[in-house]
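Below is one structure, written out as structure tokens; the observations come after it.
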């Protein structure tokens with residue numbers, strides 16, 4: 001029974017035959033699984049969601065996407081896609097988690113036929129957690145490298161540099177004394193990244209990983225240790241850490257922004273970033289890019305939102321929280337763009353090249369371009385340390401969410417055995433993912449990281465989100481889902497949410513999925529093209545998460561009895577114990593459907609507990625009356 005049952009209620013009715021095998025002394029209390037726990041502070045949930053959504057992508061993907069897709073004009077499709085795709089699916093995930101108090105696997109009691117969707121989610125999150133922590137390891141590497149008076153990527157002349165290396169001090173001097181040909185040259189920061197940090201020259205490609213880089217391996221071990229210590233006690237510990245990791249990046253971002261806009265030439269970068277090119281809006285690519293940015297930035301489909309919401313109290317106002325987090329995330333992305341492009345504008349002026357020649361996305365921005373820009377500033381180690389510390393805090397709370405999702409999903413499936421041993425189980429997961437990530441610390445590790453980044457959460461994740469949306473609205477039923485939200489929040493979702501859930505969100509996702517398949521491009525890293533076997537391996541990663549859905553269906557159908565159609569019908573209906581986890585919150589059709597339930601009317605439990613009727617009990621009475629009227633109409 002994954003749902004926590006009040007032990008005082010469950011104990012008297014537990015027959016001796018049902019005592020769990022671990023209880024040798026016949027203590028009936030052992031039938032009640034250990035309590036799941038809840039957030040301990042009022043802001044824990046909100047800050048965890050903000051920390052989860054505001055990640056590395058806000059800094060290294062959004063600004064670049066904006067400038068390549070019409071500058072300021074990109075904000076039009078961005079906010080439209082946020083309204084159509086982002087906010088409604090975000091709210092749906094939070095509602096499912098909070099209503100059931102279950103993780104991304106056990107929540108499929110809503111329709112056991114589709115439990116494979118949960119299995120697909122866990123597979124995707126596990127693959128993402130492996131490489132995401134490697135990026136945090138790179139950040140730690142640069143963070144330690146910044147603890148010096150002279151940044152190691154500031155000048156040429158080190159053992160890892162080649163004859164092509166040319167630093168900006170020479171270029172700056174050349175602007176006044178003699179012309180310097182900068183074509184076919186490489187910056188010191190680029191050689192530091194590729195030849196020293198990655199040591200990529202020791203690998204000929206993805207099939208030849210080379211040796212393990214022990215300094216990277218130790219950074220990866222440290223990042224997994226930090227993650228483990230922060231999720232050691234589940235949401236009770238991670239919920240406190242996010243007070244720092246979710247808020248501190250904003251302080252650093254503001255500092256970098258103020259420093260950036262006061263630099264000479266900053267306006268060049270900002271103008272480049274925000275100049276609207278409205279002709280781009282006629283291109284379908286821009287709208288797809290906006291939807292993709294929303295989709296990955298909010299982290300829908302990864303199970304993190306559902307997991308965090310499952311630790312809420314039943315009546316937490318997630319409607320308000322949805323708008324705070326989604327709009328806060330969008331504003332952060334735009335702010336980060338100013339911080340990044342103001343520095344890139346200064347850099348382009350220093351180098352005497354156009355902004356588009358220095359602008360990059362992804363790891364290239366974080367580990368090559370921005371570190372190079374830092375060397376041009378006074379007190380460069382200080383600004384470099386701040387930048388990488390910001391990236392560390394941005395990355396860590398997203399990683400907490402991935403780990404909490406995996407651990408919660410599995411412990412909710414086996415609450416009797418795993419919940420009391422949650423700390424040990426978390427350690428096992430962290431060690432397993434660390435060992436799987438060791439290939440990323442080799443000389444050819446970057447090729448594997450690119451492969452994982454391109455395929456682990458591609459079309460597989462979209463299939464998972466589309467299926468979730470369709471199951472909730474079509475199989476479970478829009479009317480019933482809205483009634484559940486009414487019971488939980490005291491009001492029904494309006495026409496905007498219903499229209500998005502029924503038509504707009506699934507249709508947009510389907511368009512995204514089709515676009516991704518039609519416009520498929522093989523992976524590449526710089527000038528390196530991946531071999532066919534690597535492409536096939538990547539595609540299989542995506543397909544495997546989709547295959548979990550039919551596998552889950554077969555298992556669910558085999559567990560039922562009757563003809564094939566009867567089995568399918570039975571497996572698609574909600575499980576008997578689906579609904580709010582606490583008996584006092586179960587009204588209407590959810591009354592007395594928990595095992596060991598003694599109370600025929602949860603309303604009475606409420607009244608005994610609170611000594612009267614509150615607004616939520618009024619809502620419960622309303623929902624019950626509404627259902628009775630519907631039943632009468634159907635019988636007539």
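Cβ coordinates come from backbone N, Cα and C, glycine included.
Of the candidate ranges 455-476, 565-586, 587-608, TrEMBL annotates residues 455-476 with the feature transmembrane segment.
The transmembrane segment annotation in TrEMBL falls on one of the ranges 268-289, 290-311, namely 290-311.
When TrEMBL is compared with the stretches 117-144, 145-172, the one noted as transmembrane segment is 117-144. Of the Cβ pairs linking the transmembrane segment (117-144) with the transmembrane segment (455-476) and spaced 6 or more residues apart, 3 or more are under 8 Å, so the two regions touch. Contact between the transmembrane segment (45-63) and the transmembrane segment (455-476) is absent: fewer than three CB pairs lie under 8 Å, with pairs separated by 6 or more positions in sequence. Annotation for residue 329 (Na(+) binding site): spatial neighbours 50, 53, 54, 58, 297, 298, criterion Cβ-Cβ under 8 Å with sequence separation of six or more.
Residues 46, 49-50, 53-54, 58-59, 62-63, 66-67, 75, 78-79, 82, 86-87, 90, 250, 253, 256-257, 260-261, 263-274, 293, 297-298, 355, 358-359, 365, 369-370, 372-373, 376 of the same chain, all 6+ positions outside the transmembrane segment (323-347), place their C-beta atoms under 8 angstroms from a C-beta of that stretch. Of the two recorded stretches, the transmembrane segment (382-402) lies close to the transmembrane segment (290-311), with three or more CB pairs under 8 Å once pairs fewer than 6 apart in sequence are set aside. It is 75-96 that, among the stretches 75-96, 423-449, 455-476, 538-558, forms the most Cβ pairs under 8 Å with the transmembrane segment (290-311).
If you compare Cα positions, residue 156 (disulfide bond) sits closest to 394 out of the binding-site residues 51, 394, 397, 398.
Between the transmembrane segment (75-96) and the stretches 423-449, 455-476, 538-558, it is 455-476 that has the most C-beta pairs under 8 angstroms.
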